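Listed in TrEMBL:
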| type | residues | note |
| --- | --- | --- |
| BINDING | 64-65, 89-95, 114-118, 183-186, 239 | GTP binding site |
| BINDING | 95 | Mg(2+) binding site |
């Protein structure tokens with residue numbers, strides 16, 4: 001807050017903030033929250049200064065699930081609390097290295113490799129997947145007005161465009177299907193009304209509304225494809241909406257199956 005020139009709406013919140021920061025610094029995991037800690041967090045979240053700071057969250061690094069959890073502190077702090085499916089979907093663990101997951105879907109066996117998106121992770125995997133069937137490239141649409149953790153002078157979406165360019169046109173992936181997930185469409189739809197797309201794309205002259213702005217972002221990524229034969233399969237997604245992801249994954253699976261059959265001369 002001091003870095004943004006914001007103070008607490010109520011000076012009494014300073015002691016609440018100190019209590020919460022002390023718990024964080026001690027890496028203290030309390031289950032459930034103590035009554036004092038829960039009350040302090042609720043008072044802080046209701047404070048006008050904290051809300052002003054949250055309204056400028058694109059100016060610093062904040063997990064985009066923060067509001068979801070802070071709006072529901074009473075439930076999270078209950079002694080009988082059990083995480084819901086949505087709670088689990090909205091938690092985040094940073095991927096480092098390569099994580100391999102095996103699963104079955106539509107009687108097919110899949111191997112999914114989750115690779116770290118951070119700059120320091122890329123050199124570990126970019127050359128490893130010459131024979132993969134498909135690459136699913138995920139972009140957080142809502143991060144068009146945010147900067148990288150590693151480099152606060154670089155816009156996150158501009159960085160994603162550069163990475164997409166390097167993967168889409170990489171010699172290792174000449175015959176690999178590219179599936180583009182423009183994710184967090186729900187957060188993007190909410191944010192685009194108050195934060196202009198020109199922060200990322202100064203040349204954008206369209207409306208500040210979801211449909212036109214989302215189509216513009218999609219076009220920027222598709223324009224990176226230098227191949228006349230490679231098709232980019234694009235989907236607008238919300239990873240926390242299980243129905244949306246089920247529909248998208250059905251479509252993705254169909255693409256993978258069709259490409260496998262095409263490779264065998266059967267499609």
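Glycine residues also receive a Cβ, built from the backbone N, Cα and C atoms like all the rest.
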Cβ distance under 8 Å to residue 93 (GTP binding site), same chain, sequence separation 6 or more: which residues?
-> none
Protein Cβ atoms within 10 Å of residue 64 (GTP binding site), excluding its own | 16
Within 10 Å of the Cβ of residue 114 (GTP binding site), how many other Cβ atoms can be counted across all chains shown?
-> 14
Proximal but sequence-remote residues of the same chain as residue 239 (GTP binding site) (Cβ under 8 Å, at least 6 apart) | 89, 183, 184, 245
Using DSSP and three states only, what is residue 114 (GTP binding site)?
-> strand
Would you count the other C-beta atoms found within 10 angstroms of the C-beta of residue 184 (GTP binding site) for me?
-> 22
Going by DSSP, give the three-state secondary structure for residue 93 (GTP binding site).
-> coil
Out of these binding-site residues, 90, 95, which one has the fewest other C-beta atoms within 10 Å of its own C-beta?
-> 95
Between residue 95 (Mg(2+) binding site) and residue 64 (GTP binding site), how far is it from one CA atom to the other, in Å?
-> 16
